[in-house]
């Protein structure tokens, strides 16, 4: 027993870095994926930056709906930036090594930002419910102070629920081959490298995920149930069409976000589903953040008008600079 203790301690301290297997090991596909991902990541940043710039620059977009959308775009940029730059570097270098500390930091950022996004989507659903179902009381209810408090509440809930789980997981000994069957440091492959019983940890993590997603899904479902009921009672077809158009983009984003989270994390045993989780996580971290700016702006006439005015002002400014 005494002889095994130093060996156990050595194994625990020997894992100073992990090796990420990535999406593929074929060099041609890695370079192709690097090019595609570089374009996707650049467009994601530009699309979300455009939403942030428009909602800050134009007073017509100084409403609670666009206040929350601006914060959602900031979260999307942070969420995809926790994964995409490192994946680009690994694809280009054909080497997936990542230090233990960077790996843990990536996991913490990924889950914290993801949890805040999940709760913020529920807040955005509530905002749409109040705007459509209680239009006369809406300005008094959704004041700037209330909007800021709701965003802070999303952050507070995430920061209260998750650090205990992170500390528990990182206190356990890691050993084994150091190889993660993933393209970033997700919790599922990391749990497989822990040389201790993780059943209780996985159960607690599952309960936290259930509570977070259940609360967010329940709020969203109730909000849109009331919204649909109110819209169907509107006398004019034009009013119904406008209301549905406003909400359809948010419903699509919520469906993608909640659906992927439910498939990946609402399972008491997180290990053994790495292939499926990897595919969904790739969509969630690279494709979904790219689609969201287009989904929110594609059918929004006000955003089209503001964007057109923004471009015209930019063109006029450039013309004056070149004439001078």
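A Cβ is built for glycine as well, from the same backbone N, Cα and C atoms used for every other residue.
Whatever TrEMBL says is automated annotation, not expert-curated.
Taken from TrEMBL, the feature transmembrane segment applies to 31-57 (among others). Beyond the ends of the transmembrane segment (31-57), by six or more residues, the same chain brings 23-24, 66-67, 69-70, 73-74, 76-77, 80-81, 84-85, 87-88, 91-92, 286-287, 289-290, 292-294, 296-297, 303, 306-307, 310 to within a C-beta distance below 8 angstroms of the stretch.
Residues annotated as domain 'G-protein coupled receptors family 1 profile' in TrEMBL: 47-296.
Here TrEMBL flags 78-98 (among others) as transmembrane segment.
Here TrEMBL flags 104-125 (among others) as transmembrane segment.
Residues annotated as transmembrane segment in TrEMBL: 146-170 (among others).
Residues or ranges marked as transmembrane segment in TrEMBL: 203-232 (among others).
The transmembrane segment annotation in TrEMBL covers 244-267 (among others). Outside the transmembrane segment (244-267) by six or more residues, the chain places 114, 117-118, 121, 124-125, 128, 132, 205-206, 209-210, 213, 216-217, 220, 224, 227, 231, 273, 276-277, 280-281, 283-284, 288, 291-292, 295-296, 298-300 with a CB less than 8 A from a CB of the stretch.
Using a Cβ-Cβ cut-off under 8 Å and counting only residues 6 or more beyond its ends in the same chain, the transmembrane segment (279-298) has close neighbours at 23, 37, 40-41, 43-44, 47-48, 50-51, 69, 72-73, 76-77, 79-80, 82-84, 110, 182-184, 186, 249-250, 252-253, 256-257, 260-261, 263-264, 304, 307. The transmembrane segment annotation in TrEMBL covers 279-298 (among others).
With a cut-off of 8 Å between Cβ atoms, the residues of this chain six or more beyond the transmembrane segment (78-98) that come close are 17-23, 27, 30-31, 33-34, 37-38, 40-41, 44-45, 106, 109-110, 113-114, 117, 183-185, 285-286, 289. Packing against the transmembrane segment (104-125) from elsewhere in the chain are residues 65, 68-69, 71-72, 75-76, 78-79, 82-83, 86, 98, 150-151, 153-155, 157-159, 161-162, 166, 170, 184-187, 190, 212-213, 215-217, 219-220, 223-224, 250, 253-254, 257-258, 261, 285: each is 6 or more residues past its ends and has a CB under 8 Å from a CB in it.
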